[in-house]
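Report on the structure given below.
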Amino acid sequence: MPSPDRDDQLHLAAFVTAGPGRPGGWRHPASVSDWRSAAYYRRIGRTLERARFDLVFFADILAVPDRYGGSPDPQLRHGALGSMRLDPTPVLGVLAGATEHLGLAATVSTTYAEPYSVARSFATLDHLSGGRAAWNVVTSFQDAEARNFGRETHIDRASRYLRAEEFVRVTAELWDSWDDDALVLDRDAPLFADPARVHRVDHHGAWFDVQGPLNVARPPQGYPVLIQAGASPAGRDFASRWADVIFCSHASLESARDFYADIKGRAAAHGRDPREIKILPAITPIVADTTEAARAKSAELADLVVPEAGLSTLSYHLDIDLAPFPHDERLPDVDVPGVQGHYQEVRELTEKHGMTLRQLGRRYGGTHEGDFVGTPREVADGLEEWFTGGACDGFTVTAVYQPGAFDEFGEGVVPELQRRGLFRTDYEGTTLRDHLGLARPTAGEWRRRAAREDTP
Ligand SMILES: Cc1cc2nc3c(=O)[nH]c(=O)nc-3n(C[C@H](O)[C@H](O)[C@H](O)COP(=O)(O)O)c2cc1C
């Protein structure tokens, strides 16, 4: 049934780590190990574009996590999620040249970067790609990251969201510092850029002092697409005001539905049309020709995950050292300074399936969010149920092994979704905003999205 909050067709993002990805996945015979080569990313980009994905998204962190037992060893030994990550921004430069339609998203932290450099990188990428850039705005959550940037500990959640608020606002002002028609290119006059249409920003705030203007013309999309994944109340509030796309992760349809209603409600309360925000929960489908083969593959992948690999990732996600907890007992209730969304997910798993910490480690390391395991038709049934059931506007697809699982999804599940009229058969526009059905922001749009009390 069509919903006033949702498009008729779903949107697809791909979640890629510029490294080995899933702890068991890199050990699977179908995975390819040249994560350090441009060819590897070109191949993934072309696969996703053939499957008509909206965008590819590169997650990123700024440390080798050491929260589990105070050491990075388990992450490194097991090729866990945080073991190796190339810097995603240059990787997107490679992809901009290898693809024509695919949206290109990289993660940059507002806690450790500066607005001028972020505005400049994403404006550059938006020009180079013809309007396909997106920025995943994160605030980071690990002390290990703080220690790489001259601090002992990470700043508290409230302060980091205040900094993020000011950061995004200044970045948007910098994108607006060139009027859309500022670049004149009149050779005879001569007039390269009209100085009257290029403005200083003169921002002076609690965290940043930025004069401007930017030294790059206004991006083709006005603002590159903004992605956020806040899960705490402060994070949800920030995301529902600023984000065009929201990433989240859920262990069940019910929790996905609650989150969806909460974010759309918050967006409406901030005066936004709920359709302006696309909520794309992460899923890790396992696809095979028969149900039995998919289940066997799932079991085979689970066997490749050493519990410590998943627990060391969960430790840094929750910002809790899980090494001293008894591994043959359930995870007790704990106060989580780290990612609340991941905690809710593992609490749900612990309670629903009575998992011990060791089982949880194996499960978390091989995460199959949403339990979409089966034939292309069965997986499409599950996705359709979430989409039509008010749980999402589409999905962020993670590969159990890279890059093969993207091929399987693109060649099996996508045609099934297309047959049902749930997904595009071709791109209709050229920019990422076109794919997502989002309007190009006019200059000054940041005023509408900023926290009201902060807006002058
Ligand atoms: C699908 C997904 C992808 C994420 N990717 C990143 C990432 O690449 N880097 C990062 O630092 N945080 C990432 N996060 C974490 C979020 O940015 C955020 O910190 C987290 O959801 C906790 O929200 P909170 O800060 O409101 O507690 C991701 C979260 C989700 C659900």
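In case you wondered, yes, glycine gets a Cβ from its N, Cα and C as well.
So that you can see what the record holds, here are the features copied from TrEMBL:
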type	residues	note
BINDING	ASP60, THR107, TYR161, SER232	FMN binding site
DOMAIN	21-390	domain 'Luciferase-like'
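Features per TrEMBL, on structure.
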residue: ASP60; record: FMN binding site; DSSP class: coil
residue: THR107; record: FMN binding site; DSSP class: strand
residue: TYR161; record: FMN binding site; DSSP class: helix
residue: SER232; record: FMN binding site; DSSP class: coil
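Proximity to ligand 1 at the level of Cβ atoms, with a cut-off under 6 angstroms, picks out ASP60, THR107, SER232 from the binding-site residues ASP60, THR107, TYR161, SER232.
Whole-number maximum of the Cα to Cα distances across the FMN-binding residues ASP60, THR107, TYR161, SER232: 20 angstrom. Non-local contacts of THR107 (FMN binding site) by the CB criterion (under 8 A, 6+ apart in sequence, same chain) comprise PHE57, PHE58, ALA59, ASP60, PRO88, TRP135, ASN136, VAL138.
Remark: SER232 (FMN binding site) has ARG157, GLN340 as non-local neighbours, by Cβ distance under 8 Å and separation of at least 6 in sequence. Taking the Cβ of TYR161 (FMN binding site) as reference, residues of its chain lying under 8 Å away and at least six apart in sequence are, in sequence order, THR139, GLY230, ALA234, GLY235, PHE238.
The Cβ of ASP60 (FMN binding site) has 21 other Cβ atoms within 10 Å, all protein chains considered.
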